[in-house]
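What Swiss-Prot lists as transmembrane segment is 1-21, 48-68, and the listing cites sequence analysis. What Swiss-Prot lists as site 'Reversibly protonated during proton transport' is Glu56, and the listing cites sequence analysis.
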Amino acid sequence: MSLGVLAAAIAVGLGALGAGIGNGLIVSRTIEGIAAQPELRPVLQTTMFIGVALVEALPIIGVVFSFIYLGR
C-alpha cells in the first residue's frame, strides 16, 4: 500500500469526522434556539440548513482532492 493512499484515506476520514461533529453542534444549537424562541423557527432552520451545507462541502472537497492526488 502506498503512502499516498494512506494520506488520502486519512484526509477523507478526518474531513468526515469534522463534518459529523460540526453538523451535530449546528443542529443541537438550532434545537436549543427553537426551544427558547419558537417564533424564530423559520429563520433558525434556514440558517441551520445553510450552515450544514457549508460544513458538508468541506468533506466533499476533501474527497475530490484525494481523487486528484491519487490520479497523479
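Heads up, the Cβ atoms here are built off N, Cα and C, so glycines get one too.
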Would you kindly list the residues that approach the transmembrane segment (1-21) from elsewhere in its chain, counting only those six or more residues past its ends and only Cβ-Cβ distances under 8 Å?
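For the transmembrane segment (1-21), the nonlocal Cβ contacts are 55-56, 58-59, 61-63, 65-67, 69-70.
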Using all protein chains in view, find how many other C-beta atoms are within 10 Å of the C-beta of Glu56 (site 'Reversibly protonated during proton transport').
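If we count other Cβ atoms within 10 Å of Glu56 (site 'Reversibly protonated during proton transport'), we arrive at 16.
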